[in-house]
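Visitor: Next up is a structure, given as C-alpha coordinates.
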(Lines of atoms letter the chains of each structure in order from A and count residues from 1; the text may use other names and numbers.)
(Lines give C-alpha, C1' and ligand atoms only; values in the text may rest on other atoms or scores of the structure.)
Protein backbone atom coordinates (compact mmCIF):
# COMPACT_ATOMS: atom_id res chain seq x y z
CA UNK A 1 0.00 0.00 0.00
CA UNK A 2 1.35 3.36 -1.01
CA UNK A 3 1.95 5.72 1.88
CA UNK A 4 -0.24 8.80 1.52
CA UNK A 5 1.13 12.17 2.35
CA UNK A 6 -2.26 13.44 3.52
CA UNK A 7 -5.13 12.43 5.81
CA UNK A 8 -8.06 11.11 3.76
CA UNK A 9 -10.64 12.48 6.14
CA UNK A 10 -9.40 16.03 5.86
CA UNK A 11 -10.28 18.33 3.00
CA UNK A 12 -8.49 21.66 2.69
CA UNK A 13 -10.81 24.61 3.23
CA UNK A 14 -13.48 22.71 5.16
CA UNK A 15 -12.25 24.04 8.48
CA UNK A 16 -12.34 27.58 7.09
CA UNK A 17 -15.92 27.08 5.85
CA UNK A 18 -16.94 25.75 9.27
CA UNK A 19 -15.50 28.80 10.97
CA UNK A 20 -17.26 30.99 8.40
CA UNK A 21 -20.50 29.12 9.14
CA UNK A 22 -20.18 29.80 12.87
CA UNK A 23 -19.28 33.41 12.14
CA UNK A 24 -22.38 33.86 9.98
CA UNK A 25 -24.58 32.21 12.62
CA UNK A 26 -23.31 34.30 15.50
CA UNK A 27 -22.32 37.65 13.97
CA UNK A 28 -25.84 39.17 13.78
CA UNK A 29 -26.63 38.10 17.35
CA UNK A 30 -23.33 39.41 18.71
CA UNK A 31 -23.76 42.72 16.89
CA UNK A 32 -27.27 43.25 18.28
CA UNK A 33 -26.09 42.34 21.77
CA UNK A 34 -23.25 44.87 21.54
CA UNK A 35 -25.49 47.63 20.19
CA UNK A 36 -28.08 47.04 22.93
CA UNK A 37 -25.50 48.56 25.30
CA UNK A 38 -25.08 51.64 23.12
CA UNK A 39 -25.57 54.94 24.95
CA UNK A 40 -26.71 56.71 21.80
CA UNK A 41 -30.30 57.57 20.91
CA UNK A 42 -29.52 56.58 17.32
CA UNK A 43 -28.84 53.00 16.31
CA UNK A 44 -26.12 54.06 13.87
CA UNK A 45 -23.62 55.89 16.08
CA UNK A 46 -21.71 54.34 18.92
CA UNK A 47 -21.45 56.63 21.95
CA UNK A 48 -20.11 54.38 24.65
CA UNK A 49 -21.41 51.66 26.92
CA UNK A 50 -24.61 52.23 28.85
CA UNK A 51 -27.53 50.34 30.35
CA UNK A 52 -30.02 53.09 29.54
CA UNK A 53 -32.01 50.99 27.05
CA UNK A 54 -32.38 48.20 29.58
CA UNK A 55 -33.70 50.78 32.03
CA UNK A 56 -35.97 52.05 29.26
CA UNK A 57 -37.44 48.57 28.76
CA UNK A 58 -38.44 48.36 32.43
CA UNK A 59 -39.38 51.97 33.19
CA UNK A 60 -39.71 53.77 29.85
CA UNK A 61 -42.93 54.88 28.12
CA UNK A 62 -43.46 51.49 26.46
CA UNK A 63 -42.58 49.44 29.53
CA UNK A 64 -46.18 48.61 30.52
CA UNK A 65 -46.89 47.17 27.07
CA UNK A 66 -43.75 45.06 27.08
CA UNK A 67 -44.22 43.84 30.66
CA UNK A 68 -47.75 42.68 29.89
CA UNK A 69 -46.59 41.00 26.68
CA UNK A 70 -43.74 39.30 28.54
CA UNK A 71 -46.12 38.02 31.21
CA UNK A 72 -48.49 36.65 28.55
CA UNK A 73 -45.58 34.97 26.77
CA UNK A 74 -44.17 33.30 29.87
CA UNK A 75 -47.54 32.14 31.23
CA UNK A 76 -48.54 30.68 27.86
CA UNK A 77 -45.14 29.02 27.40
CA UNK A 78 -45.25 27.53 30.90
CA UNK A 79 -48.76 26.03 30.52
CA UNK A 80 -48.32 24.96 26.88
CA UNK A 81 -44.99 23.27 27.61
CA UNK A 82 -46.38 21.47 30.69
CA UNK A 83 -49.42 20.14 28.84
CA UNK A 84 -47.42 19.22 25.73
CA UNK A 85 -44.76 17.43 27.81
CA UNK A 86 -47.41 15.39 29.64
CA UNK A 87 -49.12 14.40 26.39
CA UNK A 88 -45.78 13.57 24.77
CA UNK A 89 -44.59 11.46 27.73
CA UNK A 90 -47.75 9.34 27.72
CA UNK A 91 -47.64 8.96 23.93
CA UNK A 92 -43.94 7.99 23.98
CA UNK A 93 -44.66 5.32 26.63
CA UNK A 94 -47.32 3.79 24.36
CA UNK A 95 -45.21 4.01 21.20
CA UNK A 96 -41.90 2.80 22.65
CA UNK A 97 -43.05 0.47 25.44
CA UNK A 98 -46.45 -0.66 24.20
CA UNK A 99 -45.40 -3.44 21.79
CA UNK A 100 -46.23 -3.52 18.08
CA UNK A 101 -49.68 -2.39 17.03
CA UNK A 102 -51.32 -0.97 13.97
CA UNK A 103 -51.90 2.56 15.31
CA UNK A 104 -48.24 2.88 16.24
CA UNK A 105 -46.92 4.30 12.96
CA UNK A 106 -50.04 6.43 12.55
CA UNK A 107 -49.60 7.88 16.02
CA UNK A 108 -46.01 8.77 15.31
CA UNK A 109 -47.08 10.38 12.03
CA UNK A 110 -49.79 12.40 13.78
CA UNK A 111 -47.34 13.64 16.41
CA UNK A 112 -44.84 14.72 13.71
CA UNK A 113 -47.59 16.43 11.69
CA UNK A 114 -47.07 19.93 13.17
CA UNK A 115 -43.43 19.72 12.02
CA UNK A 116 -44.42 18.94 8.42
CA UNK A 117 -47.23 21.41 7.83
CA UNK A 118 -45.76 24.86 7.02
CA UNK A 119 -46.24 27.24 9.95
CA UNK A 120 -48.23 29.76 7.94
CA UNK A 121 -50.65 27.00 6.89
CA UNK A 122 -51.13 25.87 10.51
CA UNK A 123 -51.72 29.52 11.42
CA UNK A 124 -54.39 30.00 8.74
CA UNK A 125 -56.05 26.66 9.53
CA UNK A 126 -56.18 27.37 13.26
CA UNK A 127 -57.61 30.84 12.73
CA UNK A 128 -60.28 29.46 10.38
CA UNK A 129 -61.12 26.66 12.79
CA UNK A 130 -61.61 28.96 15.80
CA UNK A 131 -63.66 31.26 13.60
CA UNK A 132 -65.84 28.42 12.30
CA UNK A 133 -66.68 27.09 15.76
CA UNK A 134 -67.30 30.62 17.05
CA UNK A 135 -64.42 30.63 19.54
CA UNK A 136 -63.41 34.21 20.43
CA UNK A 137 -59.76 34.94 19.82
CA UNK A 138 -57.64 35.75 22.87
CA UNK A 139 -55.10 34.23 25.25
CA UNK A 140 -56.90 30.88 25.29
CA UNK A 141 -56.74 30.43 21.51
CA UNK A 142 -53.01 31.23 21.60
CA UNK A 143 -52.51 28.66 24.36
CA UNK A 144 -54.39 25.90 22.51
CA UNK A 145 -52.49 26.53 19.27
CA UNK A 146 -49.18 26.49 21.16
CA UNK A 147 -49.94 23.16 22.86
CA UNK A 148 -50.38 21.54 19.42
CA UNK A 149 -47.06 22.59 17.92
CA UNK A 150 -45.15 22.04 21.20
CA UNK A 151 -46.05 18.32 21.29
CA UNK A 152 -43.52 17.13 18.65
CA UNK A 153 -40.73 19.24 20.17
CA UNK A 154 -41.37 17.71 23.59
CA UNK A 155 -41.75 14.23 22.06
CA UNK A 156 -38.36 14.03 20.30
CA UNK A 157 -36.01 14.20 23.34
CA UNK A 158 -38.44 12.17 25.45
CA UNK A 159 -38.66 9.31 22.96
CA UNK A 160 -34.90 9.42 22.32
CA UNK A 161 -34.35 9.02 26.05
CA UNK A 162 -36.91 6.23 26.36
CA UNK A 163 -35.25 4.30 23.52
CA UNK A 164 -32.05 4.39 25.54
CA UNK A 165 -33.49 2.85 28.73
CA UNK A 166 -33.26 -0.93 28.98
CA UNK A 167 -36.55 -2.77 29.51
CA UNK A 168 -34.94 -4.84 32.27
CA UNK A 169 -35.43 -2.12 34.90
CA UNK A 170 -39.21 -2.23 34.75
CA UNK A 171 -39.22 -6.00 34.27
CA UNK A 172 -37.18 -6.37 37.45
CA UNK A 173 -39.66 -4.13 39.28
CA UNK A 174 -42.58 -6.18 38.01
CA UNK A 175 -40.85 -9.44 38.95
CA UNK A 176 -40.75 -8.02 42.46
CA UNK A 177 -44.54 -7.57 42.34
CA UNK A 178 -44.66 -3.89 41.42
CA UNK A 179 -47.88 -3.09 39.56
CA UNK A 180 -47.63 -1.61 36.06
CA UNK A 181 -48.46 1.79 37.50
CA UNK A 182 -45.75 1.49 40.15
CA UNK A 183 -43.22 0.37 37.54
CA UNK A 184 -44.13 3.48 35.56
CA UNK A 185 -44.09 6.06 38.34
CA UNK A 186 -41.30 4.59 40.50
CA UNK A 187 -38.94 3.22 37.85
CA UNK A 188 -39.55 4.51 34.33
CA UNK A 189 -40.44 8.14 35.17
CA UNK A 190 -37.37 8.83 37.35
CA UNK A 191 -35.13 7.32 34.68
CA UNK A 192 -36.93 9.41 32.08
CA UNK A 193 -36.48 12.71 33.95
CA UNK A 194 -33.55 14.10 31.92
CA UNK A 195 -35.49 13.47 28.69
CA UNK A 196 -38.70 14.93 30.11
CA UNK A 197 -36.97 18.08 31.40
CA UNK A 198 -35.16 18.56 28.13
CA UNK A 199 -38.45 18.06 26.21
CA UNK A 200 -40.16 20.58 28.48
CA UNK A 201 -37.44 23.16 27.94
CA UNK A 202 -37.51 22.79 24.16
CA UNK A 203 -41.32 23.07 24.12
CA UNK A 204 -41.06 26.14 26.37
CA UNK A 205 -38.59 27.87 24.05
CA UNK A 206 -40.58 27.01 20.93
CA UNK A 207 -43.71 28.47 22.52
CA UNK A 208 -41.86 31.57 23.73
CA UNK A 209 -40.45 32.12 20.23
CA UNK A 210 -43.53 31.63 18.10
CA UNK A 211 -44.61 34.60 16.05
CA UNK A 212 -46.54 33.47 12.98
CA UNK A 213 -49.20 31.26 14.56
CA UNK A 214 -49.62 33.63 17.53
CA UNK A 215 -50.04 36.57 15.17
CA UNK A 216 -52.97 34.82 13.47
CA UNK A 217 -54.83 33.46 16.48
CA UNK A 218 -54.33 36.31 18.96
CA UNK A 219 -57.26 38.60 19.45
CA UNK A 220 -57.10 42.33 18.88
CA UNK A 221 -55.08 44.02 21.63
CA UNK A 222 -53.63 40.76 23.00
CA UNK A 223 -49.86 40.66 22.59
CA UNK A 224 -47.04 38.25 23.34
CA UNK A 225 -43.41 39.35 23.31
CA UNK A 226 -42.74 38.37 19.67
CA UNK A 227 -45.90 40.08 18.35
CA UNK A 228 -45.13 43.20 20.44
CA UNK A 229 -41.55 43.23 19.12
CA UNK A 230 -42.77 42.75 15.55
CA UNK A 231 -45.21 45.63 15.92
CA UNK A 232 -42.42 47.87 17.25
CA UNK A 233 -39.92 46.81 14.56
CA UNK A 234 -42.41 47.75 11.85
CA UNK A 235 -41.87 51.35 13.01
CA UNK A 236 -38.11 50.91 12.70
CA UNK A 237 -35.46 49.18 14.82
CA UNK A 238 -35.05 51.14 18.06
CA UNK A 239 -32.40 50.64 20.75
CA UNK A 240 -34.93 49.44 23.33
CA UNK A 241 -35.94 46.63 20.94
CA UNK A 242 -32.32 45.54 20.85
CA UNK A 243 -32.26 45.44 24.66
CA UNK A 244 -35.42 43.27 24.76
CA UNK A 245 -34.03 41.04 22.02
CA UNK A 246 -30.79 40.58 23.89
CA UNK A 247 -32.64 39.55 27.05
CA UNK A 248 -34.85 37.10 25.17
CA UNK A 249 -31.79 35.78 23.39
CA UNK A 250 -30.15 35.25 26.76
CA UNK A 251 -33.17 33.32 28.07
CA UNK A 252 -33.13 31.01 25.00
CA UNK A 253 -29.40 30.36 25.13
CA UNK A 254 -29.42 29.63 28.88
CA UNK A 255 -32.38 27.27 28.56
CA UNK A 256 -30.92 25.38 25.59
CA UNK A 257 -27.60 25.04 27.37
CA UNK A 258 -29.47 23.69 30.40
CA UNK A 259 -31.41 21.25 28.26
CA UNK A 260 -28.20 20.07 26.61
CA UNK A 261 -26.42 19.53 29.92
CA UNK A 262 -29.39 17.69 31.44
CA UNK A 263 -29.92 15.43 28.43
CA UNK A 264 -26.25 14.42 28.52
CA UNK A 265 -26.51 13.26 32.10
CA UNK A 266 -26.96 9.53 32.21
CA UNK A 267 -28.75 8.33 35.35
CA UNK A 268 -29.15 4.70 34.27
CA UNK A 269 -25.60 3.80 35.23
CA UNK B 1 -38.41 13.34 11.01
CA UNK B 2 -35.76 11.48 12.95
CA UNK B 3 -36.08 7.78 12.24
CA UNK B 4 -38.15 8.36 9.10
CA UNK B 5 -41.46 6.54 9.01
CA UNK B 6 -40.45 3.85 11.45
CA UNK B 7 -41.54 5.72 14.59
CA UNK B 8 -37.91 5.99 15.66
CA UNK B 9 -37.10 2.28 15.63
CA UNK B 10 -39.04 -0.66 16.95
CA UNK B 11 -40.73 -0.76 20.35
CA UNK B 12 -38.45 -1.50 23.31
CA UNK B 13 -40.95 -3.67 25.23
CA UNK B 14 -44.67 -4.31 25.47
CA UNK B 15 -44.92 -3.55 29.21
CA UNK B 16 -47.65 -0.97 28.67
CA UNK B 17 -49.49 -2.75 25.84
CA UNK B 18 -52.79 -3.18 27.78
CA UNK B 19 -53.10 0.58 28.39
CA UNK B 20 -51.40 1.87 25.23
CA UNK B 21 -54.57 3.26 23.67
CA UNK B 22 -55.36 5.23 26.83
CA UNK B 23 -51.82 6.61 26.84
CA UNK B 24 -52.21 7.75 23.23
CA UNK B 25 -55.67 9.22 23.74
CA UNK B 26 -54.57 12.74 24.84
CA UNK B 27 -52.23 13.05 21.84
CA UNK B 28 -54.87 11.86 19.39
CA UNK B 29 -57.60 14.09 20.83
CA UNK B 30 -55.48 17.24 21.01
CA UNK B 31 -53.83 16.85 17.61
CA UNK B 32 -57.07 15.83 15.90
CA UNK B 33 -58.85 18.89 17.25
CA UNK B 34 -55.96 21.32 16.87
CA UNK B 35 -54.33 20.17 13.60
CA UNK B 36 -56.43 17.71 11.58
CA UNK B 37 -59.78 19.44 12.09
CA UNK B 38 -58.38 22.93 11.33
CA UNK B 39 -56.70 21.76 8.11
CA UNK B 40 -59.94 20.06 7.02
CA UNK B 41 -61.89 23.21 7.86
CA UNK B 42 -59.41 25.24 5.81
CA UNK B 43 -60.09 22.96 2.83
CA UNK B 44 -63.83 23.59 3.28
CA UNK B 45 -63.32 27.36 3.57
CA UNK B 46 -61.36 27.45 0.31
CA UNK B 47 -64.61 26.37 -1.45
CA UNK B 48 -66.82 29.01 0.20
CA UNK B 49 -67.87 32.50 -0.85
CA UNK B 50 -66.01 35.48 0.56
CA UNK B 51 -67.64 37.87 2.99
CA UNK B 52 -66.50 41.43 2.34
CA UNK B 53 -65.60 42.28 5.93
CA UNK B 54 -63.40 39.19 6.31
CA UNK B 55 -64.77 35.72 6.97
CA UNK B 56 -67.03 33.68 4.70
CA UNK B 57 -70.59 33.10 3.52
CA UNK B 58 -71.55 29.41 3.66
CA UNK B 59 -72.21 29.00 -0.04
CA UNK B 60 -70.23 26.65 -2.29
CA UNK B 61 -67.98 28.48 -4.73
CA UNK B 62 -64.91 27.80 -6.85
CA UNK B 63 -64.11 31.49 -7.08
CA UNK B 64 -61.03 31.31 -4.81
CA UNK B 65 -59.28 28.81 -7.10
CA UNK B 66 -60.67 30.59 -10.15
CA UNK B 67 -59.12 33.85 -8.94
CA UNK B 68 -55.80 32.08 -8.37
CA UNK B 69 -55.50 30.40 -11.78
CA UNK B 70 -57.79 32.33 -14.14
CA UNK B 71 -57.55 35.78 -15.60
CA UNK B 72 -61.04 36.80 -16.71
CA UNK B 73 -60.33 40.31 -17.87
CA UNK B 74 -61.22 43.65 -16.36
CA UNK B 75 -64.92 42.93 -15.94
CA UNK B 76 -64.55 39.27 -14.98
CA UNK B 77 -66.68 38.00 -17.85
CA UNK B 78 -64.06 36.75 -20.29
CA UNK B 79 -63.13 33.08 -20.79
CA UNK B 80 -60.32 31.81 -18.56
CA UNK B 81 -56.77 32.59 -19.61
CA UNK B 82 -53.86 31.89 -17.31
CA UNK B 83 -53.53 34.37 -14.41
CA UNK B 84 -49.82 34.99 -13.88
CA UNK B 85 -49.91 37.22 -10.77
CA UNK B 86 -50.12 34.45 -8.18
CA UNK B 87 -48.20 31.84 -10.14
CA UNK B 88 -45.40 34.39 -10.33
CA UNK B 89 -45.47 34.85 -6.55
CA UNK B 90 -45.29 31.07 -6.10
CA UNK B 91 -42.50 30.83 -8.66
CA UNK B 92 -40.55 33.59 -6.90
CA UNK B 93 -40.97 31.78 -3.58
CA UNK B 94 -39.66 28.55 -5.10
CA UNK B 95 -36.73 30.42 -6.60
CA UNK B 96 -35.89 32.26 -3.37
CA UNK B 97 -36.20 29.12 -1.27
CA UNK B 98 -34.08 27.22 -3.83
CA UNK B 99 -31.33 29.86 -3.76
CA UNK B 100 -31.33 29.82 0.04
CA UNK B 101 -31.12 26.01 -0.03
CA UNK B 102 -28.12 26.00 -2.40
CA UNK B 103 -26.36 28.61 -0.29
CA UNK B 104 -27.01 26.54 2.85
CA UNK B 105 -25.69 23.43 1.10
CA UNK B 106 -22.51 25.21 -0.02
CA UNK B 107 -21.75 26.27 3.56
CA UNK B 108 -23.49 23.41 5.36
CA UNK B 109 -21.86 20.42 3.64
CA UNK B 110 -18.22 21.30 4.42
CA UNK B 111 -19.26 22.26 7.95
CA UNK B 112 -21.11 18.99 8.54
CA UNK B 113 -18.22 17.00 7.07
CA UNK B 114 -15.67 18.84 9.18
CA UNK B 115 -17.65 18.30 12.39
CA UNK B 116 -18.27 14.62 11.67
CA UNK B 117 -14.54 14.01 11.25
CA UNK B 118 -13.61 15.59 14.60
CA UNK B 119 -12.69 13.31 17.52
CA UNK B 120 -15.87 11.86 19.07
CA UNK B 121 -15.56 13.93 22.24
CA UNK B 122 -15.50 17.25 20.38
CA UNK B 123 -18.43 16.50 18.06
CA UNK B 124 -21.22 17.08 20.58
CA UNK B 125 -19.85 20.52 21.36
CA UNK B 126 -19.61 21.49 17.67
CA UNK B 127 -23.15 20.28 17.03
CA UNK B 128 -24.32 22.23 20.05
CA UNK B 129 -22.66 25.41 18.73
CA UNK B 130 -24.44 24.95 15.40
CA UNK B 131 -27.86 24.38 17.01
CA UNK B 132 -27.87 27.25 19.55
CA UNK B 133 -28.79 29.96 17.02
CA UNK B 134 -31.76 27.88 15.87
CA UNK B 135 -33.28 28.13 19.34
CA UNK B 136 -32.98 31.89 19.38
CA UNK B 137 -36.24 33.56 18.40
CA UNK B 138 -36.58 33.60 14.59
CA UNK B 139 -37.99 37.12 14.73
CA UNK B 140 -34.98 38.35 16.69
CA UNK B 141 -32.59 36.61 14.29
CA UNK B 142 -34.30 38.21 11.30
CA UNK B 143 -34.28 41.64 12.92
CA UNK B 144 -30.58 41.15 13.77
CA UNK B 145 -29.88 40.28 10.15
CA UNK B 146 -31.67 43.44 9.03
CA UNK B 147 -29.72 45.51 11.52
CA UNK B 148 -26.45 44.02 10.28
CA UNK B 149 -27.21 44.50 6.57
CA UNK B 150 -28.65 48.04 6.74
CA UNK B 151 -27.12 50.72 4.51
CA UNK B 152 -25.59 52.35 7.63
CA UNK B 153 -25.24 49.01 9.40
CA UNK B 154 -22.13 47.39 10.89
CA UNK B 155 -21.45 45.30 7.76
CA UNK B 156 -21.27 48.33 5.51
CA UNK B 157 -19.32 50.26 8.16
CA UNK B 158 -16.76 47.46 8.32
CA UNK B 159 -16.43 47.13 4.55
CA UNK B 160 -16.12 50.90 4.12
CA UNK B 161 -13.68 51.15 7.02
CA UNK B 162 -11.46 48.46 5.54
CA UNK B 163 -11.51 50.30 2.23
CA UNK B 164 -13.10 47.33 0.41
CA UNK B 165 -16.05 49.50 -0.65
CA UNK B 166 -16.19 53.15 -1.55
CA UNK B 167 -19.93 53.48 -1.03
CA UNK B 168 -22.35 51.36 1.04
CA UNK B 169 -24.06 48.32 -0.46
CA UNK B 170 -27.86 48.49 -0.52
CA UNK B 171 -28.80 44.94 0.40
CA UNK B 172 -32.03 45.36 2.38
CA UNK B 173 -35.20 45.17 0.22
CA UNK B 174 -33.50 43.05 -2.45
CA UNK B 175 -33.88 39.37 -3.33
CA UNK B 176 -30.39 38.81 -1.94
CA UNK B 177 -31.42 40.09 1.49
CA UNK B 178 -34.37 37.67 1.58
CA UNK B 179 -32.14 34.79 0.46
CA UNK B 180 -29.57 35.63 3.12
CA UNK B 181 -32.35 35.85 5.72
CA UNK B 182 -33.76 32.44 4.74
CA UNK B 183 -30.28 30.94 4.62
CA UNK B 184 -29.56 32.31 8.07
CA UNK B 185 -32.91 31.11 9.46
CA UNK B 186 -32.55 27.47 8.44
CA UNK B 187 -28.80 26.78 8.07
CA UNK B 188 -28.67 24.43 11.12
CA UNK B 189 -31.30 22.22 9.42
CA UNK B 190 -28.85 21.64 6.57
CA UNK B 191 -25.87 20.83 8.78
CA UNK B 192 -27.49 18.32 11.17
CA UNK B 193 -28.76 15.59 8.78
CA UNK B 194 -25.59 15.74 6.65
CA UNK B 195 -23.53 15.49 9.82
CA UNK B 196 -25.50 12.40 10.89
CA UNK B 197 -24.91 10.80 7.47
CA UNK B 198 -21.17 11.54 7.34
CA UNK B 199 -20.78 10.23 10.90
CA UNK B 200 -22.16 6.85 9.74
CA UNK B 201 -20.04 6.86 6.58
CA UNK B 202 -17.47 4.07 6.46
CA UNK B 203 -14.13 5.71 5.72
CA UNK B 204 -12.56 2.45 4.56
CA UNK B 205 -14.39 3.16 1.29
CA UNK B 206 -12.28 6.31 0.94
CA UNK B 207 -9.19 4.27 1.83
CA UNK B 208 -10.00 1.74 -0.87
CA UNK B 209 -10.51 4.46 -3.48
CA UNK B 210 -7.26 6.15 -2.49
CA UNK B 211 -5.39 2.86 -2.75
CA UNK B 212 -6.64 2.70 -6.33
CA UNK B 213 -5.09 6.12 -6.93
CA UNK B 214 -8.28 8.19 -6.87
CA UNK B 215 -7.45 11.85 -6.11
CA UNK B 216 -9.11 13.14 -2.92
CA UNK B 217 -11.61 15.44 -4.65
CA UNK B 218 -12.67 12.57 -6.90
CA UNK B 219 -13.17 10.46 -3.78
CA UNK B 220 -15.35 13.20 -2.33
CA UNK B 221 -17.43 13.53 -5.48
CA UNK B 222 -17.78 9.87 -6.49
CA UNK B 223 -17.65 8.01 -3.16
CA UNK B 224 -18.47 10.24 -0.17
CA UNK B 225 -21.25 12.38 -1.64
CA UNK B 226 -23.22 9.45 -3.14
CA UNK B 227 -22.91 7.60 0.19
CA UNK B 228 -24.26 10.51 2.25
CA UNK B 229 -26.86 11.57 -0.32
CA UNK B 230 -29.87 10.73 1.90
CA UNK B 231 -28.51 13.20 4.47
CA UNK B 232 -28.00 15.86 1.79
CA UNK B 233 -31.53 15.39 0.47
CA UNK B 234 -32.93 15.56 4.01
CA UNK B 235 -31.04 18.78 4.68
CA UNK B 236 -32.25 20.35 1.43
CA UNK B 237 -35.87 19.43 2.24
CA UNK B 238 -35.57 20.77 5.79
CA UNK B 239 -34.29 24.12 4.49
CA UNK B 240 -36.47 24.37 1.37
CA UNK B 241 -39.84 23.54 2.95
CA UNK B 242 -39.87 26.17 5.73
CA UNK B 243 -38.27 28.74 3.38
CA UNK B 244 -41.07 28.26 0.87
CA UNK B 245 -43.80 29.38 3.26
CA UNK B 246 -41.74 31.77 5.35
CA UNK B 247 -43.17 35.13 6.26
CA UNK B 248 -40.67 36.98 8.46
CA UNK B 249 -37.64 37.07 6.14
CA UNK B 250 -39.49 38.42 3.06
CA UNK B 251 -41.59 40.75 5.22
CA UNK B 252 -38.75 42.32 7.21
CA UNK B 253 -35.80 42.03 4.81
CA UNK B 254 -37.61 42.31 1.49
CA UNK B 255 -39.69 44.92 -0.20
CA UNK B 256 -42.58 45.00 -2.64
CA UNK B 257 -40.51 43.24 -5.31
CA UNK B 258 -39.76 40.26 -3.08
CA UNK B 259 -43.37 39.39 -2.20
CA UNK B 260 -43.64 35.68 -1.36
CA UNK B 261 -46.38 33.11 -0.64
CA UNK B 262 -46.33 33.74 3.11
CA UNK B 263 -47.04 37.45 2.66
CA UNK B 264 -49.74 36.74 0.07
CA UNK B 265 -51.51 34.45 2.53
CA UNK B 266 -51.04 36.78 5.49
CA UNK B 267 -52.58 39.70 3.58
CA UNK B 268 -55.83 37.79 3.08
CA UNK B 269 -56.43 37.59 6.82
CA UNK B 270 -55.23 41.02 7.91
CA UNK B 271 -57.89 43.49 8.98
CA UNK B 272 -61.10 43.64 7.01
CA UNK B 273 -59.67 43.91 3.51
CA UNK B 274 -58.79 40.24 3.07
CA UNK B 275 -60.33 37.38 1.20
CA UNK B 276 -60.52 34.34 3.47
CA UNK B 277 -61.47 31.71 0.86
CA UNK B 278 -58.64 32.92 -1.37
CA UNK B 279 -56.19 32.78 1.56
CA UNK B 280 -57.40 29.28 2.38
CA UNK B 281 -57.00 28.22 -1.28
CA UNK B 282 -53.45 29.62 -1.46
CA UNK B 283 -52.62 27.78 1.81
CA UNK B 284 -54.05 24.54 0.38
CA UNK B 285 -51.91 24.91 -2.74
CA UNK B 286 -48.81 25.52 -0.60
CA UNK B 287 -49.65 22.57 1.66
CA UNK B 288 -50.15 20.29 -1.36
CA UNK B 289 -46.76 21.30 -2.78
CA UNK B 290 -45.05 20.62 0.54
CA UNK B 291 -46.77 17.26 1.07
CA UNK B 292 -45.79 16.11 -2.45
CA UNK B 293 -42.19 17.08 -1.70
CA UNK B 294 -42.24 15.22 1.62
CA UNK B 295 -43.77 12.15 -0.05
CA UNK B 296 -41.02 12.06 -2.69
CA UNK B 297 -38.52 12.49 0.11
CA UNK B 298 -40.00 9.68 2.22
CA UNK B 299 -39.93 7.27 -0.75
CA UNK B 300 -36.37 8.25 -1.57
CA UNK B 301 -35.29 7.70 2.06
CA UNK B 302 -37.08 4.35 2.18
CA UNK B 303 -35.26 3.26 -0.98
CA UNK B 304 -31.92 4.43 0.45
CA UNK B 305 -32.68 2.50 3.65
CA UNK B 306 -33.38 -0.73 1.74
CA UNK B 307 -30.55 -0.39 -0.76
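Each Cβ is built from the backbone N, Cα and C atoms, and glycine gets one as well.
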Visitor: Which one of these stretches, B:71-93, B:94-116, shows up in TrEMBL as transmembrane segment?
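Guide: Checking TrEMBL against the ranges B:71-93, B:94-116, the transmembrane segment one is B:94-116.
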Visitor: For the transmembrane segment (B:94-116) against the transmembrane segment (B:123-140), do we get 3 or more Cβ-Cβ pairs below 8 Å once near-sequence pairs (under 6 apart) are dropped?
Guide: yes
Visitor: How about the transmembrane segment (B:21-48) and the transmembrane segment (B:176-198): do they have 3 or more C-beta pairs under 8 A, pairs 6 or more apart in sequence?
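Guide: These two segments do not touch.
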